[in-house]
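These notes concern the structure reproduced below.
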Amino acid sequence: MGMLSLPGFLSCGKKKDFSLTDENDAHSSDSDENSDRGNWSSKGDYLLSMVGYAVGLGNVWRFPYLTYQNGGGAFLIPYTVMLALAGLPLFFLECSLGQFASLGPVSIWRILPLHCVSFCFLGVGITMVIISTFVTVYYNVIIAYALYYLFASFQKVLPWSDCFSWADEFCSKTQIVSDCNTTLNGEIIHANYSFIVNNNLTCINGTMNYKPVQFPTEQYWNKVALQRSSGLDDTGKIVWYLALCLLLSWIIVGAALFKGIKSSGKVVYFTALFPYVILLILLVRGATLEGALDGIEYYIGRQSNITKLMEAEVWKDAATQIFYSLSVGWGGLVALSSYNRFHNNCYSDAILVCVTNCVTSVFAGFAIFSILGHMAFLSKRPVSEVVDSGFELAFVAYPEALSKLPVSPLWSFLFFFMLVLLGLDSQFATIETLVTTIQDIRPKVMKKLRMPVTQGLCALLFFLGLICVTQAGIYWVNLIDHFCAGWGILISAVLELIGIVYIYGGNRFIKDVEMMIGTKSFSFWLWWRTCWFFITPVLLMAILVWSLITFPNPTYGSVAYPAWGTAVGWCMIIFCVIWIPIVAIVKIAKAEGNIVQRIVSCCRPAANWGPYLERHQGERYSHMVDPQKKKEHEIPTVSAVVY
């Protein structure tokens, strides 16, 4: 999710299926194990939804750039290490948690209630959901950008392939010399380039200065697609065609989730798999272009710099990319896994999805850099000058490269269609996370209201996103991404680990997992215990502290944000995380006894914590009360250390 890991925002990724509109509920069926909430129709539905959730835009527009920036192929070493130490342990934990209790990211915190039926770490779940809400607003705007470029590709000549009527005097496809040194009458002089040309002189190599020019793709992105204003202060008008693309993207999301996981689980067979077909096509085409090898070498070839591994920043980038790429800490993994059957092998699922995600990132890098190498060859510039990430890669650098290919509209269509599919997969899961959170409040009522609630939520988020399709919209998109998709997720992930491993009990949680996947040996759990108890929380805390220390003020390119814009960003992230202490303080205040007794009472699972269905509760949870009934008792806490 990253950052535009998006997350990873953005990714968070995603697909699912849920909904009910009548008694013959489409969300659940006679074959479902859990008739209240429904289950995935098949294992394939779930796995592809998880792959789509994890594999997002960040795999295409951030990982390749980070690999190039941090030593090429050498970057795969810290990337793989961080996958094993931070990404996979958290991914497995969240998948197991959701599957065990069949609850969404907020209700799952009845594992640690604050006061009887209230939840001790409820604030963590609320933080996850609020951050997901912020991110889903701007993430669909990015899909709208991709839809606009996709429709613009249906022209014989791509509209950004040259400096057309919308361009200004700074638009140029090649560098323009401003001045240089030359030899005149035996003396070296410095002269304007027009003087050099008029007198048939020649510039001395290495002395040329160039005018500041912009490629047609850059001006098209700013002047035509975005109609970008001068800054956040200048809101301007709503860009009507972007608003229509945003509406279309929300209509697609709403339609795919019309019947919840029963419909989205089928849609993902196309949205999750077809991007791989497009990537393969782009890779094959890119590999046949002149200069492609230069791009690949910059990405992962002979220019790999193993000495980069000595720099702490490289390891920080690897850990951050893994964290956001896998979409842990957003609540989506918990939500999607909550629709699994109780005895599903969530362990093998977690490994399969994580490996698929990382392999996709590496594979995408080859496709991206092969074409960027061709772009560098044509422009006679080093690859380093055409490499970029995020918006600049997706909507400036890559369209520039695509415009130079034979049958360029076809390749442009395929590329932006791929971006749309990657984005939609992530949106499916994020919206399903929000709907699941609402559903868990009243599961039986939501069986009949799921469809209108889903459609209403999509409509509300569309209207909230309109600010992001004004002429200042890109500044709002960047602001939300800069703050909400950053260390707020790290905070929730750290507290999630602390709550489950150190308060609920890591060994107790392992016993819960074994109820689903069967008893495992001590050696099997040794690695997971080591990561959950020590390595993963330490790594996340280190990344969090580093991120806070190095947290920069927001900018978009060379445009600085006004003070009030930065303040709005801080207000957004504070609004996301403030629920953690607020809920804790309120619930402790309502508890009985002295302060120590109150805190202790808040660290006990609720009486309704455990497997959702009675037949799965076994002897360990034989005391569990009906989840739909009010409980007045709590389950004694067993220490994670001595259990």
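Glycine is no exception: its Cβ is also placed from the backbone N, Cα and C atoms.
What TrEMBL says about this one:
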- 46-64: transmembrane segment (TRANSMEM)
- Gly52, Ala54, Val55, Asn59, Ser325, Asn357, Leu422, Asp425, Ser426: Na(+) binding site (BINDING)
- 76-97: transmembrane segment (TRANSMEM)
- 118-151: transmembrane segment (TRANSMEM)
- Cys163-Cys171: disulfide bond (DISULFID)
- 238-258: transmembrane segment (TRANSMEM)
- 267-284: transmembrane segment (TRANSMEM)
- 318-339: transmembrane segment (TRANSMEM)
- 351-377: transmembrane segment (TRANSMEM)
- 410-435: transmembrane segment (TRANSMEM)
- 456-479: transmembrane segment (TRANSMEM)
- 485-505: transmembrane segment (TRANSMEM)
- 526-549: transmembrane segment (TRANSMEM)
- 561-586: transmembrane segment (TRANSMEM)
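In this chain, the transmembrane segment (410-435) lies apart from the transmembrane segment (351-377): fewer than three C-beta pairs between them fall below 8 angstroms, excluding pairs fewer than 6 positions apart. With all protein chains in the displayed structure included, the most crowded Cβ environment within 10 Å among the binding-site residues Gly52, Val55, Ser325, Ser426 is that of Ser426.
Ranked by Cβ pairs under 8 Å to the transmembrane segment (351-377), the stretches 76-97, 318-339, 561-586 are led by 76-97. Sequence-remote contacts of a segment are chain residues at least 6 beyond its ends whose Cβ falls under 8 Å from one of its Cβ atoms, and for the transmembrane segment (526-549) they are 82, 85-86, 89-90, 92-93, 316, 319-320, 323, 486-487, 490-491, 493-494, 497-498, 500-501, 506-507, 510, 640. Per-stretch counts of Cβ pairs under 8 Å to the transmembrane segment (238-258) identify 456-479 as the leading one among 46-64, 118-151, 318-339, 456-479, 561-586.
For Cys171 (disulfide bond), the count of additional Cβ atoms within 10 Å of its Cβ stands at 18 [all protein chains shown].
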